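According to Swiss-Prot, the protein carries these features:
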| type | residues | note |
| --- | --- | --- |
| MOD_RES | Met1 | N-acetylmethionine |
| TOPO_DOM | 1-14 | topological domain 'Cytoplasmic' |
| TOPO_DOM | 33-67 | topological domain 'Lumenal' |
| TOPO_DOM | 86-92 | topological domain 'Cytoplasmic' |
| TOPO_DOM | 110-117 | topological domain 'Lumenal' |
| TOPO_DOM | 134-149 | topological domain 'Cytoplasmic' |
| TOPO_DOM | 190-211 | topological domain 'Cytoplasmic' |
| TRANSMEM | 15-32 | transmembrane segment |
| TRANSMEM | 68-85 | transmembrane segment |
| TRANSMEM | 93-109 | transmembrane segment |
| TRANSMEM | 118-133 | transmembrane segment |
| TRANSMEM | 150-165 | transmembrane segment |
| TRANSMEM | 169-189 | transmembrane segment |
Amino acid sequence: MDAVILNLLGDIPLVTRLWTIGCLVLSGLTSLRIVDPGKVVYSYDLVFKKGQYGRLLYSIFDYGAFNWISMINIFVSANHLSTLENSFNLRRKFCWIIFLLLVILVKMTSIEQPAASLGVLLHENLVYYELKKNGNQMNVRFFGAIDVSPSIFPIYMNAVMYFVYKRSWLEIAMNFMPGHVIYYMDDIIGKIYGIDLCKSPYDWFRNTETP
């Protein structure tokens, strides 16, 4: 098992690899009760009004207890994020987009408690962002002739959350709205006006310094 995990991690790009390791470590620590599972649950009020900032960090890596289901979820997520990370020419832009998504998510959680951890929500939004940018190249073909966009699957899951689990619109919007905002800033505005609004602060500063 250890050898399999090490081999899988070796094929994952740096940022996604660090996140995957963090998820595995936190999952193990909570299962062993070294970290209290109750203290990894994110709450805007507890973090920003009570000063329990550890919950914010824990929630980014929280994928549940150490079991086969959480392991599969972590490595499926790592596979998606590896594809996205490898599509960026600059790793710092990938990191900056993750930060922007996190800021938007945290702002949304100030209005309503999220249904999932910040790590799960970040993954959902990054997948949405990838589907919006490269969706036409990722179509799934059924019966050898019918092309189906993979974006239909998030729509289905969001519908299940609303009609079956009775989640609020804002809870559901946390799964895709931050990703849509970043996609609009990065792709649509960039194509129309030729401005890259998602450049990292380092790139903005470097461009202003360049004569």
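The backbone N, Cα and C atoms fix where each Cβ goes, and this holds for glycine too.
Tertiary neighbourhood of the transmembrane segment (118-133): same-chain residues 19, 23, 42, 56, 59-63, 77, 80-81, 83-84, 87, 97-98, 101-102, 105-106, 109, 149-151, 154, 174-180, 182-183, 186-187, selected by CB-CB distance under 8 Å and a gap of 6+ residues from either end. Residues 40, 42-44, 48, 59-60, 62-63, 124, 161, 167-168, 170-171, 174 of the same chain, all 6+ positions outside the topological domain 'Lumenal' (110-117), place their C-beta atoms under 8 angstroms from a C-beta of that stretch.
Residues 13-15, 130, 133-134, 200, 202-203 of the same chain lie 6+ residues outside the topological domain 'Cytoplasmic' (86-92) yet bring a C-beta within less than 8 angstroms of a C-beta in it. Cβ atoms under 8 Å from those of the topological domain 'Cytoplasmic' (190-211) belong to residues 90, 92-93, 95-97, 100, 182 of the same chain, restricted to positions at least 6 beyond its ends. Helix first, then strand, then coil: DSSP counts for the topological domain 'Lumenal' (33-67) stand at 15 helix, 0 strand, 20 coil. The residues of the topological domain 'Lumenal' (110-117), classed with DSSP into helix (H, G, I), strand (E, B) and coil, number 0 helix, 0 strand, 8 coil. DSSP labels the residues of the topological domain 'Cytoplasmic' (190-211) in these numbers: 13 helix, 0 strand, 9 coil. Here the transmembrane segment (15-32) has long-range neighbours at 5, 9, 40, 58, 60-67, 70-71, 74-75, 78, 81-82, 85, 91, 94-95, 98, 119, meaning same-chain residues at least 6 beyond its ends whose C-beta is under 8 angstroms from one of its own. If you look at the topological domain 'Lumenal' (33-67), the same-chain residues 6 or more away from its ends with a CB under 8 A from one of its CBs are 19, 22-23, 25-27, 73-74, 77, 102, 106, 109-110, 113-114, 117-120, 122.
Sorting the topological domain 'Cytoplasmic' (86-92) by DSSP state (H, G, I as helix; E, B as strand; all else coil) yields 3 helix, 0 strand, 4 coil.
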